[in-house]
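**Q** What TrEMBL lists as domain 'Beta/gamma crystallin 'Greek key'' is 23-61, 62-104, 151-193.
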Amino acid sequence: MIALGLLQLHANNMSTTNMNMMSRVIFYEDRNFQGRSYDCSSDCADMSSYLSRCHSCRVERGCFMVYDRTNYMGNQYFMRRGEYPDYMSTMGMSDCIRSCRMIPMYRGSYRMRIYERENFGGQMYDMMDDCDNIMDRYRMSNCMSCHVMDGHWLMYEQPRYGGRMMYMRPGEYRNFMNMGWSNMRFMSMRRIMDSYY
């Protein structure tokens with residue numbers, strides 16, 4: 001019985017690993033998939049060595065976060081499988097993509113602990129599902145730190161998954177202000193589910 005369980009666990013990990021290896025996005029210098037292109041299947045901290053600018057992309061497999069500054073900084077945008085012929089006008093981006101991060105496929109339970117204040121202070125709540133408004137659900141007016149235990153999450157500055165977003169992978173995030181988000185409060189959170197892939 002234990003061997004069967006381990007075999008199933010191995011098979012699940014293999015399929016997730018295979019899916020991550022197959023993640024692929026193609027970036028284009030110009031709108032409507034024109035100009036030079038860069039084919040990417042992993043993280044890229046600085047796209048300037050491949051393209052002088054990027055104004056459209058095609059996500060063929062997987063999910064990616066794209067950033068308007070190098071080294072995964074600046075405004076972030078979530079992209080899943082699909083075509084983005086002019087993402088700047090579609091997504092409201094003010095600048096072109098400068099870096100990208102592949103979001104690994106995850107199958108399993110989701111768990112994140114959110115805190116009202118920095119350094120895990122103030123009110124604390126465990127989350128295991130999406131929350132479209134932390135004020136309505138928890139009577140919490142702000143989220144300044146979090147600990148992602150399981151899964152990959154998107155956090156949004158407005159209720160109902162609106163406004164700017166931030167990708168959170170497993171880890172401790174003690175102070176969002178130190179991460180370049182000094183004016184931002186997170187008001188809603190969503191899991192990045194395997195159905196997005």
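Any Cβ shown, glycine's included, is placed from N, Cα and C.
Automatic, uncurated: that is what TrEMBL annotation is.
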**Q** Counting only residues 6+ away from its ends, which parts of the chain sit with a Cβ under 8 Å from the domain 'Beta/gamma crystallin 'Greek key'' (62-104)?
**A** 16, 19-20, 22-25, 27, 31-33, 40-48, 53-56, 152, 154, 164-167, 169, 180, 192, 196-197
**Q** Across the whole of the domain 'Beta/gamma crystallin 'Greek key'' (23-61), what does the mean pLDDT come to? Round it, please.
**A** 95
**Q** What are the helix, strand and coil residue counts for the domain 'Beta/gamma crystallin 'Greek key'' (23-61) according to DSSP?
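**A** Its residues divide into 6 helix, 21 strand, 12 coil.
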